[in-house]
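Sequence annotations record features per position, and here Swiss-Prot assigns domain 'FZ' to 23-136 based on sequence analysis. The topological domain 'Extracellular' annotation in Swiss-Prot covers 23-205, 259-288, 350-374, 442-477 and is backed by sequence analysis. Per Swiss-Prot, disulfide bond is recorded for CYS28-CYS89, CYS36-CYS82, CYS73-CYS110, CYS99-CYS133, CYS103-CYS127. Taken from Swiss-Prot, the feature N-linked glycosylation site applies to ASN42, ASN265, ASN356, supported by sequence analysis. The transmembrane segment annotation in Swiss-Prot covers 206-226, 238-258, 289-309, 329-349, 375-395, 421-441, 478-498. Under the heading region 'Disordered', Swiss-Prot lists 538-666. Among the features that Swiss-Prot reports, compositional bias 'Polar residues' is placed at 550-565, 639-656. Residues annotated as compositional bias 'Basic and acidic residues' in Swiss-Prot: 617-638.
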Amino acid sequence: MAMTWIVFSLWPLTVFMGHIGGHSLFSCEPITLRMCQDLPYNTTFMPNLLNHYDQQTAALAMEPFHPMVNLDCSRDFRPFLCALYAPICMEYGRVTLPCRRLCQRAYSECSKLMEMFGVPWPEDMECSRFPDCDEPYPRLVDLNLAGEPTEGAPVAVQRDYGFWCPRELKIDPDLGYSFLHVRDCSPPCPNMYFRREELSFARYFIGLISIICLSATLFTFLTFLIDVTRFRYPERPIIFYAVCYMMVSLIFFIGFLLEDRVACNASIPAQYKASTVTQGSHNKACTMLFMILYFFTMAGSVWWVILTITWFLAAVPKWGSEAIEKKALLFHASAWGIPGTLTIILLAMNKIEGDNISGVCFVGLYDVDALRYFVLAPLCLYVVVGVSLLLAGIISLNRVRIEIPLEKENQDKLVKFMIRIGVFSILYLVPLLVVIGCYFYEQAYRGIWETTWIQERCREYHIPCPYQVTQMSRPDLILFLMKYLMALIVGIPSVFWVGSKKTCFEWASFFHGRRKKEIVNESRQVLQEPDFAQSLLRDPNTPIIRKSRGTSTQGTSTHASSTQLAMVDDQRSKAGSIHSKVSSYHGSLHRSRDGRYTPCSYRGMEERLPHGSMSRLTDHSRHSSSHRLNEQSRHSSIRDLSNNPMTHITHGTSMNRVIEEDGTSA
């Protein structure tokens, strides 16, 4: 029977120990609780059976019961309370619980008085939790064990109790905070790892980098606004990519200005509340900073993946600019929808955390699971998909360069474009990979950093100290500075893509109050030059009919060049004006299925001519020019064209046109 009593007495402690799973020192200590003085025993142990890690905390928890004890509602009430809040200390590993009959007598005699004072009977004190017996507390055998410890019994024994939230870091239960897997607790502010001077330096460093990134991305976006038709697919995603990181850098700059006013809760000295990290969505300013920062961080990465997709479509299946642009709605749905969904999920899970280094709010700063699933996993997925598509596109372009003969000019432009893609991708991938590496390092060593912090602050906070600490380490500030630097600098490569002489000319024209009409793009538009595939697949000995681009920067006109057709015409002795009209007329010839060439209708010419040029044509000029063309010159030109070798006239996409630069190209 005695053995059964001991086993049953130890069972609640076993459950309690398995629940808290942490660290501290087990030792007998004198009872300092005023309510538990003058009892048959005078030593207790902490933490007690109600999860109070010191007698000061236990005394605060016992205060509501003082009126009942002072009014002496029951002679069993005070021994019963002390059995739970300050149990008798015996040999290590042995705990005695009060009997159920003792609990029932105390409850029946004091419950009405407790209702009068508005004090509920705690759930931890339910009588059904205690062994079914009827003996006083403590028993005589317990007093003997407490007064005569066994030989060799340890005076102080280490026991694993886990992290106990200090009173200064306690948070209202309604807010749903959590710190080190302890509910209603929050990390301290300022940062738990760094000194104030280190935090001040880090804040100014982040502010400076955010200004640089904001300036670069804003310049890219404004360059796009000056000439919105200049950047078409496949390079249009660079603009949205720049906009995303412009917003990211703006939020970090706002965090620099706010310091820790949003990322941290203010201290309340009257309630012994220290400044703690903001968590959850109750702080509207912190929630807004988190939504913008996380949304545009993820959206920027998705836009980079879309950029690699558009390059892949242009390089491998030879999609043209118009064909890629038809998928723009799908691109926007993915780029804004995926980050939006992740942001909503995090808001619903209440995973927002204040960053007391940068002053912003983000996710995964203290919650390792949120860091893994909502930061590391998406970023790694974006890198894998983007790099795969990028390599496939570069390999395809390189195969074209090696296997198919190109003119030297086109070879140089293709190589230049491949170099630009490679440099831009490296400038994006290297910072992003460094950020991912910092996150992996942080989540791997965070447990050691937290244990070190508890070891250094446990006596100050009066909480259990760590047990059997084998490794102690503090994070280096350079790790966090590198993470913030690379997270911001990843948006700067966009300015190198738009940086060119043409950009300088456009800004100069903008500041002087005039706009150039439209200038032909240079090497970065190589994927959009006319009849690229045709030049790759044609016979090297076959002559090419060059095609006029008009004023378009994308080279989408399908008119035959008047200069080339004039070279074919045998009427070179005609006057300059007649020669020009003949060439213009031949530029509108179309070849029918039987091999003959027929003139286009004027309606077809009107549809092909640029809109600005069409307004200058009058009916008189059109009819007068056609009237001066004699029949001999027309038939002679048609005959000469028929006798020439096969001439390729195609209506290719921006990937399937010849790369030819006119003499007037910018």
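We number each residue from 1, going along the chain as drawn.
A Cβ is built for glycine as well, from the same backbone N, Cα and C atoms used for every other residue.
Since we're looking at a predicted model, the values are computed, not measured.
Neighbour counts of Cβ atoms within 10 Å were compared across the glycosylation sites ASN42, ASN356; the minimum falls on ASN42. In the predicted model, residues of the topological domain 'Extracellular' (259-288) average a pLDDT of 89. In sequence order, LEU33, MET35, CYS36, LEU39, TYR137 are the residues of the chain that are 6 or more apart from CYS82 (disulfide bond) and have a CB within less than 8 Å of its CB.
Look at the disulfide-bonded residues CYS73, CYS89, CYS103, CYS133 and count other Cβ atoms within 10 Å of each Cβ; CYS133 has the fewest. Cα proximity to ASN42 (N-linked glycosylation site) (within 10 Å) is found for the following recorded positions from CYS73, CYS89, CYS103, CYS127, ASN265: CYS89.
Note: the Cα of CYS127 (disulfide bond) and the Cα of CYS28 (disulfide bond) are spaced 27 Å from each other. When secondary structure is read from DSSP and collapsed to three states, CYS82 (disulfide bond) falls in the helix class. A helical conformation is recorded for CYS103 (disulfide bond) in the three-state DSSP classification. ASN265 (N-linked glycosylation site) falls within a strand when secondary structure is assigned with DSSP. Long-range Cβ proximity for CYS99 (disulfide bond), meaning a same-chain Cβ under 8 A and a gap of 6 or more residues, is found for PHE130, PRO131, ASP132, CYS133, ASP134, GLU135, TYR137. Around the Cβ of CYS127 (disulfide bond), 19 further Cβ atoms fall within 10 Å across all displayed protein chains. Least packed by the Cβ count within 10 Å, out of the disulfide-bonded residues CYS28, CYS36, CYS110, is CYS28. Secondary structure from DSSP puts CYS28 (disulfide bond) in a beta strand. Sequence-distant neighbours of the topological domain 'Extracellular' (259-288) (same chain, 6+ residues past either end, Cβ-Cβ under 8 Å): 167-171, 175-178, 186-190, 203, 347, 350, 352-356, 358-361, 365-366. Beyond the topological domain 'Extracellular' (350-374), the same-chain residues lying 6 or more positions past its ends with a Cβ under 8 Å from any Cβ of the stretch are 176, 178-179, 187, 189-191, 194, 199, 202-203, 206, 251-252, 254-264, 277-281, 283, 286-287, 289-290, 293-294, 342, 439, 442-443, 446, 480, 484. In the topological domain 'Extracellular' (442-477), the DSSP tally of helix, strand and coil residues is 21 helix, 0 strand, 15 coil. Residue counts for the topological domain 'Extracellular' (259-288) under DSSP (helix as H, G, I; strand as E, B; rest coil) come to 8 helix, 7 strand, 15 coil.
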